[in-house]
Each structure stands twice: as C-alpha cells, then as structure tokens.
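This report concerns only the one structure given below.
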C-alpha cells in the first residue's frame with residue numbers, strides 16, 4: 001500500500017483523536033468515558049474501590065441510597081435468626097453421613113474414629129473454634145475415605161478367598 005492510501009484510511013480516525021486532545025477538559029467527569037479508570041482511596045475503614053458513576057435508566061427518580069457496609073454488619077449481628085435452612089459458608093462440612101456409612105458398611109474400626117471426629121466438628125464450631133472445626137472436618141473426611149477403601153479391600157480379599165476355596169474343592 002502506498003502512503004496516500006494509508007493516510008486516507010487513517011483520516012476518519014485522526015480528527016477525533018486530535019479534537020479530543022485539543023478540546024478543553026471540564027472539571028466534571030463525564031458519564032460513560034471511553035476508557036474508565038479504576039482508582040483506590042484510603043479511608044478510616046481501609047482501602048476502598050472508587051468507581052465512576054454508572055448511567056441509570058431511572059435518572060429522574062433520584063439517587064438510590066447505597067447501604068453502609070458497617071450498618072449491614074451490625075444489623076446482621078443483632079438478629080438471632082440464621083436465615084432458616086441457609087448455612088454459613090464458613091461452616092465446615094462434618095461428613096457425618098460418610099462416617100456412618102463407613103461404620104455400618106465398611107471398615108468399622110476406622111469408621112468409629114471418623115464418626116467421633118465428625119461430632120467434634122460441630123462441637124468445635126459451636127465453641128467458636130473455626131480452625132479446630134476445619135481440622136476435625138478434614139480428618140473425619142480422610143478417615144471416612146480410608147475406612148471405605150479398607151472396607152473395599154476387605155470385601156475384595158473375602159471374594160478372592162471364597163473363589164479360591166470354591167475352586168479348590170472337589171466337584172460332587
């Protein structure tokens with residue numbers, strides 16, 4: 001391509017760039033700027049993200065109230081209702097079903113240990129020991145899986161022993 005055709009292709013783009021660079025900037029930020037920037041500001045509550053205001057379809061209805069983060073935390077802590085069936089995302093799973101299954105159907109000595117650790121998970125959570133509850137939950141899960149694995153190995157060994165016994169018997 002020659003130099004004149006490149007300039008013809010760039011011509012529609014160049015005036016808008018030069019006009020934007022030469023135009024005086026107003027003090028008020030425009031809504032929907034082509035390249036929005038992200039800024040952070042330090043406040044007494046820590047670092048906060050400052051976002052440019054977004055255009056709204058309900059511009060004539062007034063500014064919506066933004067809830068204060070501290071107010072929502074204090075109102076949540078004052079209520080005794082935990083929201084029904086919703087569980088806290090921090091509550092570790094106790095793996096009680098796996099522990100019961102491993103006691104009843106698999107290798108019961110290890111399953112009993114998994115069952116005890118599953119109960120320790122809930123007791124530690126009730127006392128407020130989040131780390132202890134998480135550790136007990138992980139150990140209960142590992143012992144439950146170990147009990148299932150040992151139970152499967154025991155059942156497989158029993159089937160192999162039974163097959164060997166039946167194969168060695170003389171036919172009637």
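Residue numbers in this text run from 1 along the chain shown.
Each Cβ is built from the backbone N, Cα and C atoms, and glycine gets one as well.
Lifted from Swiss-Prot, the feature list:
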COMPBIAS  65-83  compositional bias 'Acidic residues'
REGION    60-86  region 'Disordered'
TOPO_DOM  1-97  topological domain 'Extracellular'
TOPO_DOM  119-139  topological domain 'Cytoplasmic'
TOPO_DOM  161-172  topological domain 'Extracellular'
TRANSMEM  98-118  transmembrane segment
TRANSMEM  140-160  transmembrane segment
For the topological domain 'Cytoplasmic' (119-139), the number of residues DSSP places in helix, strand and coil:
19 helix, 0 strand, 2 coil
If you average the pLDDT over the topological domain 'Extracellular' (161-172), what number do you get?
87
Residues of the parent chain within Cβ reach of the topological domain 'Cytoplasmic' (119-139), under 8 Å, 6 or more residues beyond its termini:
90-96
